């Protein structure tokens, strides 16, 4: 019975204990709130936030500055403006805002609006924003010993000298210079809280890597004033993440530039050699305009811009050479013969180096032509000296020798032999007419083959030149691509 009664009383006792604790906390809080109101009224009864809070006007007031970089919101290379989200912490001692915490029930700190106390006029010297509004009026933490800590967030736009010489593999250094606008170093001195900016709460950026934020204190004497003016400069060291630009600007340009030398490999009769070069040139012009829209209009040409210009120059030269080679290819019978030096250098040596064979050699080989001639020699259509005449016609190297041999054969065939003399005379006249016709046809065929051989030689010269420039431009594109990728490393 007794145990059951005790078990029923335990929850009631616990609830009573909780109620007593809550009432005690409320009493303590109400007591602290009462002392806080009393302290606030006593501190700010005769306080003025217009003057420096020092007992001796010749004494320097030290302000400790700490900058925490939270995020890089934007880097405008064209306008050279860095937009960053910062947490600015300033702390100093106010000689008129002290109290004995034992008199106020151990109250050691209070939080009050920042506009009620004196604040140092520390501003960003290289600010590039049109908005000159007041700092954010966040609360300050006031301690019993007079130390005031003011934490204020700020979105700053600062001027930054952007060097795009190695874009998109560039690194930038942007300065954030903080200092007092009106107080000189004999009145307000700025002290670095840390040797660098705080990056512990930095949000990773998609385009930039942070490699450090060192802080340096400078004391500068301006021409207008003899007093020194201290400032703290935070140097933000940025490294661009180049993957986006490699896959969207650089890699397409490299692939397109490798198409330019292939224009030399196209057959001259296809009619697309010049069109390919012009198309590639227009494509690179579009990429060049995209880069120009991003970069500032400065004298420093970015690395990728230099690559575009070099590639466009190379493609322009390849297109001009293609036009010249096409004119060489279409040299016909009216053209002069191939010079001897070109015959030796291009047709004999360079054609073997670049594996260029005679035009049409695979279709009609010299061996096949010899077989056709032997087949014609084996056919016996006319009696007597006809076979010998035909064999002599096959040799077209010496015209005078051919004519003498044909006349000798004709005299043998046209001899007078008794009753058949009249028939032989008729046969001789037929042979003379036949010889004249054969000579005319042979001369026409000989001239046609000479002109055709001349055109074939010029076509081979053009083909060898195509292969030569194709490899030259391939090597140039390869080395330019290796050079720009080497800059990234």
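A Cβ is built for glycine as well, from the same backbone N, Cα and C atoms used for every other residue.
Per TrEMBL, these features apply:
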- 38-241: domain 'Neurotransmitter-gated ion-channel ligand-binding' (DOMAIN)
- 244-268: transmembrane segment (TRANSMEM)
- 249-484: domain 'Neurotransmitter-gated ion-channel transmembrane' (DOMAIN)
- 274-295: transmembrane segment (TRANSMEM)
- 307-329: transmembrane segment (TRANSMEM)
- 367-386: region 'Disordered' (REGION)
- 367-378: compositional bias 'Basic and acidic residues' (COMPBIAS)
- 468-486: transmembrane segment (TRANSMEM)
Revision key, fill the gap. Confidence over the domain 'Neurotransmitter-gated ion-channel ligand-binding' (38-241), expressed as mean pLDDT on the 0 to 100 scale, is 90
Review point. Short question: which residues 6 or more past the ends of the transmembrane segment (468-486) have a Cβ under 8 Å from it?
Key: 250, 254, 257-258, 260-262, 264-265, 303-304, 307, 310-311, 314, 318, 321, 325, 350, 354
Check your understanding: Which residues, given as numbers and ranges, are at least 6 beyond the ends of the transmembrane segment (307-329) yet have a Cβ under 8 Å from it?
Key -> 250, 253, 257, 260-261, 263-264, 268, 273-274, 277-278, 280-281, 284-285, 287-288, 291, 301, 458-459, 461-463, 465-466, 469, 473, 476-477, 480, 484
Check your understanding: When you scan the chain for residues with a C-beta under 8 Å from the transmembrane segment (244-268), skipping those not six or more beyond its ends, what do you find?
Key -> 167-168, 207, 274, 276-277, 280, 283-284, 287, 290-291, 304, 307-308, 311, 314-315, 318-319, 321-322, 325-326, 329-330, 459, 462-463, 466-467, 469-471, 473-474, 477, 480-481, 484, 488
